[in-house]
Amino acid sequence: MRLKSLPILLLCLHFCLISTLYFFALCLHIDGRWVLPADLALLLASLVLVYRSGYFKPSPERTTPLWDYADLILWLVLSLLLWNKAQPFALVHGQWDAWAMWNTHARFLTSSDTWTLMLDPAMFWNSPDYPLNLPAFIAAIWVHTAHFDATVPYLAALFATIAIPAIVYFELSGRSRLMALLAFIVFIQHRAFLQCGMAQYADVLLGLFYLCSLVCIEQLQQQAGPVKITAFLSGFFLATVLWTKNEGWLFVIPVLLVFAPTLLQRKNRLVFAGMAIPLAALLVFKLFFAPRNFGATHFTLANFLNFFDGARYRIIFDFSNRLAREQFALLPYALVVQVALMLLLRRLDRSMLVVFLAFLLYMSLFVFFDFSLEWQLATSLDRLWMQLEIPFVYIFFKTAATGLQKIPAWNNNKWLGKSGW
Amino acid sequence: MLRFLLTIFCFCGILCIGNIAQWKKIREGRSSDIVTRLEESIRPAFAFLHPGQRVFYKGLDFAENYHYYFVATQLMAPTYLLESRKDAPRPGDTLLLICNNNEFQKYFPKNDLQIIWQHTDAQYNYFLGKQL
């Protein structure tokens, strides 16, 4: 099965390329205005590469061109519906972290002479160690247009909010159009997702890159379609996760562990070429500019004793319970169904394992670090869950679609089966 | 291939529609927006600063007024560095002050602030000064 969401994945790749190129331009004191035209040229080059890779050759699973265009029209209508539902949550300058942190970082990054002021100890409240994918993208457009337009951070937020359901929809439509449609409706109806997306935070963007990397790595595992492109994209998105937010490590480590047999194959060596660009930007930033982050400054061996403190688990459990009831009402039921489906299919989904391990690592941080636990949970737990819920929605409906394909009556049905809904 | 290009085109089209709607939202909400109001108030003060200059922020009550500090920080970035000073200002400090009429006298009873620039809007007084 080929990568049906490749057009959207390419746009995601260029989102990150703009930010990395802009960051390198800043470091080298090169005029940042050339970044957008250069990326446009790279976009055209990548289209040529996709064309030459054989991606457009008719594939065996292809049904009729009519279905392809019907998918496209349905996606367009659903995306407009999603935007219509999300737009009321949009604020001019975004929510707290957006204007206090991400957009402020972007402002500093517009000046190649004084951007390092951002890293001054006086700005400690502003988390200057955060990776620069989102702020550098915003800054690149601000520099190109020579205007601090408040629509640019909104544009970045909208990009992630509509790209996520688009990727899920296109990837699932190859398996079951019904499941693709249901997954899209989940995003449209998910108030917390729309709010978080429009808040101009980097969390939904991080969730987007989690999704992109899992989609590409799964494709790489199947060795279907243009393998070189898929391998490059897998590595690129995996490193982009790190270039977007610090907690990206908690996702990348499980991915490297679970998918090591796929990623380390000799024929997939382009994975490492893909990783090189965002990883180089991250290393330059972390090694030469960024101050030590919260984790590094608060790490002591005594913290390990917190794992034996039952009160911390109780607080986390109570808070998680409340959060699940208020914002993620369907999530506990979906998890039960997911486990049941995996047992029925007798197949452990590796992506699900990654999300589960990442979830455990996320939650262990709350236990480990000595900070005001209630405050930390109140300000970040919902966003951390949102990051992982994004790939989970894809995994859940993918598993459900696989389950449906195992039912002969469903699979052979003209309307519901593989070539229909 | 046509479908591939159409997908990219439609995706960008949704972004454009969203951007136009947001631009209208911004235009309609300008007068009540704190960032815009602060920008109009303190932007002229920047003419009295040189690039890279460190400026200390003093608000009437930092805990109550913190959002002004954060917004002012964003407005002054990237050219200047705004730092919150909760303790007493020191001689030579350049200060950005946002306060009401009563608070100014409380902060500077000895009149030891050399005012470089001053502006007043419906809610607050804005000062740029040098601590003597």
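Think of each number as a place in line: the chain as shown, counted from 1.
Backbone N, Cα and C define each Cβ position, glycine as well.
These figures come from a predicted structure and were not determined experimentally.
Packing against the transmembrane segment (A:35-54) from elsewhere in the chain are residues 6, 10, 13-14, 17-18, 21-22, 25, 140-141, 143-144, 226, 228-229: each is 6 or more residues past its ends and has a CB under 8 Å from a CB in it. Residues annotated as transmembrane segment in TrEMBL: A:35-54 (among others).
Marked as transmembrane segment by TrEMBL: A:66-83 (among others).
Marked as transmembrane segment by TrEMBL: A:152-170 (among others).
Under the heading transmembrane segment, TrEMBL lists A:177-193 (among others). Listed as Cβ neighbours of the transmembrane segment (A:177-193) (distance under 8 Å, sequence separation of 6 or more from its ends, same chain) are residues 71, 74-75, 78, 81-82, 85, 161, 164-165, 168-171, 204, 327-328, 330, 382, 386, 389-390, 393-394, 396-398, 400-401, 404, 416, 420-421.
The transmembrane segment feature in TrEMBL is assigned to A:199-217 (among others).
Annotated transmembrane segment per TrEMBL: A:224-242 (among others), in sequence order. Beyond the transmembrane segment (A:224-242), the same-chain residues lying 6 or more positions past its ends with a Cβ under 8 Å from any Cβ of the stretch are 1-3, 6, 9, 12-13, 16, 49-50, 53-55, 59, 131, 133, 206, 209-210, 212-213, 216-217, 248-249, 251-252, 255, 263, 267-279, 282.
Marked as transmembrane segment by TrEMBL: A:248-264 (among others).
A Cβ distance under 8 Å defines the sequence-distant neighbours of the transmembrane segment (A:271-289), meaning residues of its chain 6+ beyond its ends; these are 16-17, 19-20, 23-24, 27, 116, 119, 129, 131-133, 220, 231-240, 242-243, 263. Sequence annotations record features per position, and here TrEMBL assigns transmembrane segment to A:271-289 (among others).
Same-chain neighbours of the transmembrane segment (A:328-345): 186, 192, 352, 385, 389, 392, 395-396, 399-400, 402-403, 406, counting only residues six or more beyond its ends whose CB sits under 8 Å from a CB of the stretch. The annotation transmembrane segment is assigned in TrEMBL to A:328-345 (among others).
Taking Cβ pairs closer than 8 Å, the transmembrane segment (A:352-372) reaches residues 214, 247, 250-251, 253-255, 257-259, 294-295, 298, 303-304, 306-307, 309, 312-313, 316, 338, 342, 381, 384, 388, 391-392, 395, 399 in its own chain, all 6 or more past its ends. Here TrEMBL flags A:352-372 (among others) as transmembrane segment.
Taken from TrEMBL, the feature transmembrane segment applies to A:384-404 (among others).
Pairs of Cβ atoms less than 8 Å apart link the transmembrane segment (A:384-404) most often to A:199-217, out of A:66-83, A:199-217, A:248-264. Ranked by Cβ pairs under 8 Å to the transmembrane segment (A:248-264), the stretches A:66-83, A:152-170, A:199-217 are led by A:199-217.
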